[in-house]
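S.K.: One structure coming up, written as structure tokens, with questions to follow.
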Amino acid sequence: MLSTLQPPRSLSHLCNKPTTLFLRHTSLKPLSSLSSQPVTDSTLTGQSQSQILSTRDSLLSRQITAAQLAESFLTRLRRTEPHLRSFLHVSDTVLAQARELDEKIQRNEEVGPLAGVLVAVKDNICTAEMPSTAGSRVLEDYTPPYDATAVRKIKELGGIVVGKTNLDEFGMGGTTEGSAFQVTANPWDMTRVPGGSSGGSAAAVSARQSMVSLGSDTGGSVRQPASFCGVVGLKPTYGRVSRFGLMAYASSLDVIGCFGTSVADAGILLHAISGHDRLDATSSKREVPDLASQFVSISLLESKPLKGLKVGLIHETLDDGVDIGVTSAIRTAALHLEELGCSVTEVSLPSFSLGLPAYYVIASSESSSNLSRYDGLRYGNQVASDELNSQYMDSRAKGFGSEVKRRILTGTYALSAGYYDAYYKRAQQVRTIIRKSFKAALDEHDILISPAAPSAAYRIGEKKNDPLAMYAGDIMTVNVNLAGLPALVLPCGFVEGGSAGLPVGLQMIGAAFDEEKLLRVGHIFEQTLQNCRFVPPLIADEDAPF
Amino acid sequence: MASTIFRSFQTHPLLFHPTTLLRRKNVFLYCTLGSAQTQTATQEKVKPQVKVSHLTQNKTLENASKDYEAVIGIETHVQLSTLTKAFCSCPYNYGSQPNTSICPICMGLPGALPILNFKVIESAVKVGLALNCKLALNSKFDRKQYFYADLPKGYQISQFDVPIATGGYIDLDIPVEFGGGHRKFGITRVHMEEDAGKLIHSDDGSYAQESKSNFGFVDLNRAGVPLLEIVSEPDMRNGIEAAEYAAEIQRVVRYLGVSNGNMQEGSLRCDVNVSVRPIGQLQFGTKVEIKNLNSFSAVSRAIDYEISRQVLLHSQGQDKEIVQETRLWEEGAQKTVTMRKKEGLSDYRYFPEPDLPGVFLTQDYVHGIHKSLPELPEMKRRRYEKMGLSMQDILFLANDINVAEFFDTTITKGADAKLAANWIMSDIAAYMKNEELTINEVKLSPQELAELIASIKNGTISGKIGKQILFELLAKGGTVKGLIEEKDLVQIVDPVEIEKMVEKVLSENPKQLDQYRGGKTKLQGFFAGQIMKLSKGKANPGLLNKILLEKLNAKS
């Protein structure tokens, strides 16, 4: 299919063919296919199949052992990692943990819902047994004394952390080129960036180096790489997931998010890490609905499963600055939603373009403060000096990369006496306007849709020396962080590029704490998406993914 | 030691080079260390001892002083005695081993977040109400940003533009020996913040650079301990007023039980701002900040020294020499010296703390706390005043909440206020001072003091016996009744019995009797003493003297 990709302007050539959609329902697998997809299936799992659920079924039915499963992932990881460089650290206890789990299963002991699930964790999320560097020299070889709450929860539910993934230093960037240690490649085209800042986590899931992964999203750092790498990326509502253990970039915007090859996996992972945490005063006390078991199989669906759902296509996201291929993929996705029963209308958010400047002022301001602790005194790299001030300066000058310094300087400026009102305060006012306009749009619509990024993955080095161009790439995502809303990105089509085309992600934005709806719509959307296999060419020839 | 603890967190020890410390040496003076003696309320000198400096003795200066007026404002930091720190669950105990009470949160490790201890809010509301402030029902925390080795996050969580309490005042009475009088000083604001760690010197007591060690150490035990900063209006005019203001703040926080208010441990720290202007001028002079004031007496003396210094400069036409700076009080030299000149206003780049939600108080919550407030020092003083006590008594009793409570309980048990005050201020206070005990540590209970006073008043025992019993009670406890019975101390009030004793003594001392009757009336005392001795001190002195006099004069 991919090889026959045509110029994306023409609808009929895109992978989803709304007109034939429902004719094919009857030919789909029985409803059990979702929940009990056997791992011995010799084809790579497509978007709609949950690796987490099938892992559980396969382990409990003794079709495969956790060790075999882990070994197959590690084998693929070893094979692909030299090309991708998505990991900064790979755990050496994965197999041992898997064997321990196998023993438990042998003894018929209770195992958690994430038993045997291989999770990659972005390196700005603290792990007690592995270095956590945030991609920065300033934290080179630093191992925290504790696990982030999200990591602790995953471990408690039986998940196995495979390793720590590459990122733009402290999450600041959109290509993962901003890592102090290595550049990660896009599994769809090794000359292209995986996006960022959670590029390592997106690439790892895309190349099936891990089943799912954790990222962090401050201005789009989960959603944009998800789009670039053709995986599902879920940015939860601010406060849904504890930030304890996430190295702060911009505290009022940061959230931990999830990557998976299916909406179900992203949802199950989110469910595992959600909930109030007494260690994070900004985490919500709101009850977490069951996000994990609502994934209805396609065969149970009615012909118009999303009937009555009001979808708003954000007008401002289809402007001139957006690649035409992306625009047409999104319009096609909108048609697909209509086929599913939604009513799709264009909605205008006049404040949309204000998001970018407001975001860069707020995020930079907060980061200038959050990164003050990296002074080399208590942990991390220290440059010896004979005077305290010069020690600070030398440690920070050598420890931070140029993008981090740029943002610290920007933020320091914005917060300075005499400039505060003009920048920080004004940006907060804009933020309030944005929040209100999203609220109004979401009062009228169930979900809003837009592209996840103005383009598909671009080439390594292409925007490296043009920070403004890179910042502009965040236009689709930053508003959502400013408004604190949940958003789901899922692959919806392709544009030309690479050997097999480049994936394009559709962003669905929901009302605060309504991840449930996003997951339901996303799950139906991906299951009904025809003729699309978002498996990158790097591993497409492989046999069983696990 | 710091390094060992930190290593358990797999981090680098806190190192920086000696010259750093050399340059920053002054900072050490701010955080007093070493063997801390726990200071109690009664031990701490509340009344500042004024020592007149050489400068003020200067005649010309004395004349010049009349033309100038000092303006003084005080920033007080009160360390709250909550069980745990402001934003984590580490306990804080003054004097514990360095870096034994720390966690990822108060160490500022990557990924750690603050969680507010609600006891901090409660304490702040109590203090705000006690200082007659208006409370902000919606306030928030802000970050105050600067780099220093004792500040692990590179910012201090504080409150900036919306402090929890504003616009209050404090009432106090100046001791009679300093001129007396009532004062009301304005309170600008009260806000919550966290303390920083301490830079510490090596074990041999020397500063790191002096011991030629290559390391400086940071103790983060204190990092994150909750503080209230109380800022006064520039309402004070001399050292005594400032010291009394600080003492009143100490009394208030101790009455409220929110802090031990101990200055030597740094639980109560005063930074004062002093400026001088020609009388009649509305504009303030250039203000100088003074730090390192470890007692109220130091507050008073440092301010008076600084006023003299500034007045002298003014009177010599050198007022340009007065620059905005921070000066340190040197206790040894009894003078202030420059610590650092301020290069313009420092920019702390305050912004709202995004890791903490806003602080929202309900009117009900505030009312509830208001109702639970104890009687505060000012209310106590006014009540004592109505009882007819002298201001000296009032200030003594109300100074220490434990003493005041002792006194209050004594009078609720029926004792006469004036008598109770006298007993407490004289013999009991002397005993406490000699034995270095607080009023809560002596064995005497208010109940027994009341009993003692009643026993003297109703004539059961004499005042002299009363005193003996008091010292027994202070040292060993027991009851007045028990001691009287045990030692057979009941006063002899039977005139017949006393008369017998009088006659016995007179008949045994005929020579003296003759002398008395010959005009040497001073001998009455001799007879009285002999009779009292005979009665083993139990004879009622009034009755004894009355009968004695009758007998002495009868046969003349």
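Heads up, the Cβ atoms here are built off N, Cα and C, so glycines get one too.
Per TrEMBL, domain 'Amidase' is recorded for A:69-519. What TrEMBL lists as active site, charge relay system is A:K122, A:S197. Under the heading active site, acyl-ester intermediate, TrEMBL lists A:S221.
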S.K.: List the Cα distance (Å, whole number) between A:S197 (active site, charge relay system) and the residue listed as 'active site, acyl-ester intermediate'.
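M.R.: Here the two Cα atoms are 5 Å apart.
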S.K.: Fill in the CA-CA distance, the residue listed as 'active site, acyl-ester intermediate' to A:K122 (active site, charge relay system), as an integer in Å.
M.R.: 11
S.K.: To what whole number does the mean pLDDT across the domain 'Amidase' (A:69-519) round?
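M.R.: Mean model confidence (pLDDT) across the domain 'Amidase' (A:69-519) is 95.
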S.K.: Identify, in sequence order, the residues in the chain of A:K122 (active site, charge relay system) that are 6 or more apart from it along the sequence and have a CB within less than 8 Å of its CB; answer 'none' if there are none.
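M.R.: In sequence order, A:K164, A:T165, A:L167, A:S198, A:G200, A:S201, A:S213, A:L214, A:G215, A:S216 meet the Cβ cut-off.
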S.K.: Counting every protein chain present, what is the number of Cβ atoms, excluding its own, within 10 Å of the Cβ of A:S221 (active site, acyl-ester intermediate)?
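M.R.: Counting Cβ neighbours of A:S221 (active site, acyl-ester intermediate) within 10 Å gives 37.
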